[in-house]
Amino acid sequence: MSNKISETLTFECETGNYHTFCPISCVAWLYQKIEDSFFLVVGTKTCGYFLQNALGVMIFAEPRYAMAELEEGDISAQLNDYEELKRLCLQIKQDRNPSVIIWIGTCTTEIIKMDLEGMAPKLENELGIPIVVARANGLDYAFTQGEDTVLAAMAHRCPEQILLIDKKRVIQDSNIQNFFSFLSIEKKEETIHKNFEKLKKNPPLVLFGSLPSTVASQLSSELKRQSIQVSGWLPAQRYTDLPSLGDQVYVCGVNPFLSRTATTLMRRRKCKLIGAPFPIGPDGTRAWIEKICSVFGIKTEGLEKREEQIWKNLKDYLDLVRGKSVFFMGDNLLEISLARFLIRCGMIVYEIGIPYLDKRYQAAELLFLQNTCKKMSIPMPRIVEKPDNYNQIQRMRELQPDLAITGMAHANPLEARGINTKWSVEFTFAQIHGFTNARDVLELVTRPLRRNNNLENLGWSNLTKKEKKK
Amino acid sequence: MKLAYWMYAGPAHIGTLRVASSFKNVHAIMHAPLGDDYFNVMRSMLERERDFTPVTASIVDRHVLARGSQEKVVDNITRKDKEERPDLIVLTPTCTSSILQEDLQNFVNRASITSNSDVILADVNHYRVNELQAADRTLEQVVRYYLEKARRQGTLDQAITKEPSANILGIFTLGFHNQHDCRELKRLLQDLNIKVNKIIPEGGSVKDLQDLPKAWFNLVPYREIGLMTAIYLEKNFGMPYISITPMGIVDTAECIRQIQKHVNNLSSNKKFNYEPYIDQQTRFVSQAAWFSRSIDCQNLTGKKAVVFGDATHAASITRILAREMGIRVSCTGTYCKHDAEWFKEQVQGFCDEILITDDHTKVGDMIARVEPSAIFGTQMERHIGKRLDIPCGVISSPVHIQNFPLGYRPFLGYEGTNQIADLVYNSFTLGMEDHLLEIFGGHDTKEVITKSLSTDTDLTWNQESQLELNKIPGFVRGKIKRNTEKFARQNNITNITVEIMYAAKEALSA
């Protein structure tokens with residue numbers, strides 16, 4: 001085995017025998033993000049058991065998601081899919097009254113070729129609630145890509161952008177004024193005019209990717225400082241607030257796993273995609289803002305100083321990580337951005353495992369990674385798509401990295417063998433975007449290092465019995 | 001189709017994997033799509049397992065869907081054979097692969113030609129059996145495979161051991177307190193001068209399975225897993241088995257008497273009498289019998305309780321509460337629908353009503369209706385109890401990580417009776433204390449002096465920032481508020497906006 005580290009980015013592809021979460025896990029964070037939604041996962045006990053085990057306690061908080069558990073009669077087509085789904089959705093409507101029901105297709109619906117997309121519009125008419133269909137199955141996707149399939153499906157439901165305030169609307173407004181005569185016409189027109197003025201500053205910009213509302217407003221206000229107005233987010237806090245899209249709208253992603261959504265926005269909704277590195281780490285955030293500003297022809301203000309300030313605040317953590325090595329086993333597609341940030345922090349990255357790499361959608365991020373390596377004069381890491389966990393563990397045995405970023409299936413066994421680990425899943429759920437949260441990323445990365453500083457001299461870092469000679 | 005939020009027992013393949021990975025040096029390969037290997041996460045996190053879980057997936061993806069697995073499964077089996085050199089590889093179908101209807105048996109046949117390991121296909125139907133039934137079936141399948149193999153090869157030695165000995169069947173990974181129960185059972189058998197022949201599947205080697213018939217009898221502590229194996233061994237090797245769960249004082253004694261009966265049947269010269277041991281343990285070693293006479297337990301008389309769990313634990317706990325502690329069990333139930341008859345028979349006369357369901361909302365409704373003083377159930381009942389403000393002791397799977405304690409907590413045997421007494425008593429007293437507190441209005445009657453540094457005079461939070469502050473989880477909100485105000489004061493800012501909040505976070509977190 002060669003562990004030589006090359007001078008340019010190298011891309012490899014292994015067997016795809018790796019551990020990751022099923023993409024249906026996206027309901028865990030999406031149902032919380034989209035407050036008026038209900039997620040119905042059409043699948044088997046296997047899917048349900050995964051959700052209840054992976055999402056732990058959340059199930060007990062009366063979640064707005066459920067399984068439509070397929071039984072033998074559904075598989076053998078003795079029952080009518082449409083009638084069955086109708087029965088369940090009626091019950092959901094009655095119990096929860098959501099603004100949208102999202103059907104998550106699974107492996108089983110793929111294999112038995114259940115026509116969810118065909119049934120949804122019909123049932124939608126009958127039920128009077130929008131039904132969005134996303135195929136987030138383990139046959140095609142990994143973990144966070146589940147969100148990608150849901151957002152791509154939702155992009156079709158965003159209203160059409162009407163850029164210029166057309167006459168119709170003004171007339172409508174004056175119609176309203178007939179009812180509410182206490183509002184003076186002049187005032188109403190004035191506000192419209194004002195909004196229009198604001199819009200003129202930059203064309204409408206819609207950001208896509210699901211983030212906790214605090215993080216979303218942090219990023220929006222970062223852009224506002226550069227006097228860029230964010231006209232909407234996909235997804236919004238409520239389904240009824242989905243942003244308008246159209247050929248005048250610029251879109252930009254905040255997460256690296258949203259390539260289908262990006263494609264849908266470009267091809268189907270004719271939006272203009274801004275390809276930028278992702279706002280993870282202060283370096284990424286700055287590059288992200290700069291790219292958006294440059295597209296709008298705006299000169300950035302005070303960004304450099306701001307980035308510097310953030311780095312200065314991170315000093316204590318940077319001292320801990322500098323010179324340490326990392327190995328990404330790969331499972332959530334955040335790996336490239338995180339690796340780039342950690343390299344900028346002074347770490348050495350041996351390997352970036354990643355389930356799937358869209359080189360076009362991630363182009364800016366990849367270039368940024370390359371430049372960061374050059375800038376820090378650190379050899380380029382190897383990028384391994386569809387990794388093979390068994391091989392990775394062999395490589396790790398040889399390389400003995402200071403930190404392995406890995407799924408929970410491998411974390412404890414690696415720790416028992418003296419390799420520090422951080423669960424990759426935490427990066428999916430923690431707040432890692434923007435300047436403000438840079439510290440949170442390092443908090444996660446350094447936690448095993450800090451913990452082990454405390455335990456260092458106790459002499460029990462390797463806790464397995466002698467490995468059998470094979 | 002069924003609208004389901006939560007389930008008590010997992011899908012079939014989980015049961016198979018639990019049995020397979022409990023054996024030493026057995027590897028399971030799942031025929032499954034990406035992401036179905038979360039069993040590894042459960043085992044590594046809940047059991048805090050130090051070793052890599054010997055389960056991998058032969059991934060079913062788009063290509064497999066279009067063209068079939070072809071060589072993939074066979075390649076994966078032979079590859080694992082070379083890498084890990086397991087004694088046995090269990091090919092495990094999942095719900096996905098059972099719809100694909102590929103001829104997995106054919107893959108197994110082909111792979112067993114090229115590999116050194118034995119290879120078998122787990123024989124479970126995903127749409128008919130659950131986790132527990134599948135585990136029971138898989139254990140029987142593995143035992144049968146190796147005994148028949150030994151018989152064919154003529155290496156099967158059916159002579160029983162000189163001294164009385166026993167097999168313990170059904171101790172395995174992710175089982176509720178199984179490790180502790182196993183230790184307690186070993187201790188019990190040792191006290192009775194009975195050798196432990198084999199414990200399966202946990203830690204057992206498949207190579208040793210041919211020695212199973214050497215034991216005098218089989219002990220099956222849990223109803224759910226091991227019974228099929230015991231019945232197979234009885235039918236084919238004439239081995240008696242004991243399926244009375246030694247949980248609680250009465251049942252432990254009953255179990256020991258059964259052991260005595262079987263041992264004396266087989267022993268030609270010596271007769272064993274365990275009655276003095278039972279008496280000694282009951283009255284003086286275990287504290288539970290004394291506890292049930294003590295005035296503490298008197299206070300529990302007639303208190304209402306609800307029990308729910310797997311068949312073994314729910315039945316045993318019901319009998320302990322009713323028979324040994326004088327607590328009134330208003331309702332008892334199990335999610336093991338396949339074993340409903342047995343369960344009803346066991347709890348007959350020990351409870352007011354019986355509930356057989358795997359729908360947790362029905363259990364919740366029942367608890368709300370009965371309003372017991374305490375619940376003994378699974379993690380789900382614990383959460384129901386939290387919502388209804390009723391204390392709950394966890395007595396059965398499904399469980400969380402806190403039900404894999406590091407300390408010694410058996411439910412079986414005489415030490416088990418102590419543990420159960422503690423659990424029951426603590427659940428009730430906590431409930432009582434809570435109740436009294438409510439009546440008398442809490443521990444602190446004086447108003448708490450605020451610990452907050454902020455005074456509301458000189459700083460104003462605008463509406464947006466107040467909203468933002470309210471979004472922050474309660475337990476850190478106070479800290480964020482203080483830090484922001486501290487930052488504002490340092491910078492002579494009087495009007496706090498959202499931007500100031502973020503700036504404060506950046507500045508002060510350093």
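Backbone N, Cα and C atoms are what each Cβ position is placed from, and that goes for glycine too.
TrEMBL lists A:Cys22, A:Cys107 as binding [4Fe-4S] cluster, and of A:Cys47, A:Cys158, A:Cys252 the one it places in that same site is A:Cys47. When the binding-site residues A:Cys22, A:Cys107 are compared by the number of other C-beta atoms lying within 10 angstroms of their own C-beta, A:Cys22 comes out lowest. A:Cys107 ([4Fe-4S] cluster binding site) falls within a helix when secondary structure is assigned with DSSP. Annotation note: A:Cys47 ([4Fe-4S] cluster binding site) sits in a helical segment as assigned by DSSP. A sphere of 10 angstroms centred on the C-beta of A:Cys47 ([4Fe-4S] cluster binding site) encloses 29 other C-beta atoms.
When pLDDT values are averaged over the domain 'Nitrogenase/oxidoreductase component 1' (A:22-447), the model yields 89.
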